[in-house]
Amino acid sequence: MTEDNVLTDGGLSAEAQAVIDEIEEKNVDFLRLQFTDILGTVKNVSIPASQAEKAFTEGIYFDGSSIDGFVRIQESDMRLEPDPSTFAILPWRKKENSAAARLICDVFNTSTGEPFSGDPRGVLKRAIERAEDMGYDINAAPEPEFFLFEEDEDGSATTITNDAGGYFDLAPKDLASDVRRDIIYGLESMGFDIEASHHEVAEGQHEINFTYDDALSTADNVATFRSVVRAIAAEHDLHATFMPKPIAKVNGSGMHTHISLFKDGENAFHDGADEFDLSETAKQFTAGILEHAPAVTAVANPTVNSYKRLVPGYEAPVYIAWSDRNRSALIRKPAARTPAASRIEARFPDPSCNPYLALAALIHAGLDGIERELDCADPVRENIYEFDEEKREEYGIETLPKDLGAAVDALEEDEVIQNALGEHVTEKFVEAKRSEFKDYLVAVSEWEIDRYLETF
């Protein structure tokens, strides 16, 4: 038992007691107990700070049947157990004499007392445990991009971007530097280590990079990042969206995800004797992701809109290949200054994904490659966007699913990724995504009206 988990006389772990002390010290009057549903939507219940000790010792009960994809009404009682390591003051709720804070929770099944199999955070924990059983610790660093849009006089989002800036632009083209600065202040106050921020390629598109962490903390950070960005953008009368492709014919928003494995404190992905500084373990992990990419796409690119981003010409990957330099490939090996920084970058996830499920799917896919000792194809250094079908066949390069329906088909054919998610999550996720795609197929878009209404 670690020092943090040693129980105090009051039945609290030392870590939980430290949170109670901080609540009193910082005049926290309300706590948000947060978790995510299967689709990645953040849910929360607010409790008075006076109930914090009870939350740690007994948990907080809620109706799981009211959460999409959780349980049926006849088995609805669920329990939230807060993770004390996730305690953070909400910067946009801090006042002179009071504050609100957040704790991320694990979800438990009250009938069995076991972790709920439909809890996305639990799904990722199982992936991490599998890696640990193989002797690996996982580090990850995502890069979620987002757009800022103007709000109308009623506070509703418009499709007017906040500026006309481009990649790395400065003011006056970049009108969001103050917004990004305030977002960074908020993130840093919640424990983020920020590396850089900048305007992205498209008008109104932005990126704020934070440092890598262990896989669970990284997924927690993505969920937190999205909440902070939206809340602080709203203070500037702007609407922040992580929709992958809100504007046609410009770059969409991705969430490039850097991953590395460590073993006995050393980077298991590094081999200085290799041409690409990649170990055999790294290549096998890469091969696993490439093999399972069609199924992983359903989880990492989970919306109809995701596939409007995954098209040639806008710096988003379409073809299943890897490269040591080429950004048109699905997976890239970024340059690393030190052996500890050796990693791979999965370029296909987007920020609409559930970060817990997406990371779990990537991890299981990669570990499957290691367990089966898969051979990794040679890297492709040419621009794959310029390949014709014959040349892609020559290189053995397959294409990602063209839409959400095809991605879900791939998921239903891939037992490794189904096992990664677990039976409950797979069933509920597929059901939700089939319904979403069906709704999309019968919807009549503005494009169709413009194209056909006066033509026929």
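Every residue gets a Cβ built from N, Cα and C, even glycine.
Cross-referencing Arg226, Arg230, Arg327 with the L-glutamate binding residues that Swiss-Prot gives (Asn251, Gly252, Arg309, Glu315, Arg347) picks out Arg327. Of the residues proposed, Glu53, Glu58, Glu345, the one Swiss-Prot records at the same Mg(2+) 1 site as Glu143, His256 is Glu345. Summary of the site annotation: Swiss-Prot records Mg(2+) 2 binding at Glu145, Glu207. Screening the candidates Glu151, Glu200 against this entry identifies Glu200 as the one listed for that site. Here nothing among the binding-site residues Glu195, Asn251, Ser260, Glu345 falls inside 10 Å of the CA of Glu207 (Mg(2+) 2 binding site). Helix, strand and coil content of the domain 'GS beta-grasp' (26-113), in residues and according to DSSP, is 22 helix, 39 strand, 27 coil.
The two recorded residues, Glu200 (Mg(2+) 2 binding site) and Ser260 (ATP binding site), show a Cα separation of 25 Å. Closest to His256 (Mg(2+) 1 binding site) in space, going by CA atoms and restricting to the binding-site residues Glu315, Arg327, Arg332, Arg347, is Arg347.
When every Cα pair among Glu195, Ser260, Arg327, Arg332 is compared, the largest distance found for this ATP site is 21 Å. Here the CA atom of Gly252 (L-glutamate binding site) lies 9 Å from the CA atom of Glu145 (Mg(2+) 2 binding site). Look at the binding-site residues His256, Arg309, Arg327, Arg332, Arg347 and count other Cβ atoms within 10 Å of each Cβ; Arg327 has the fewest.
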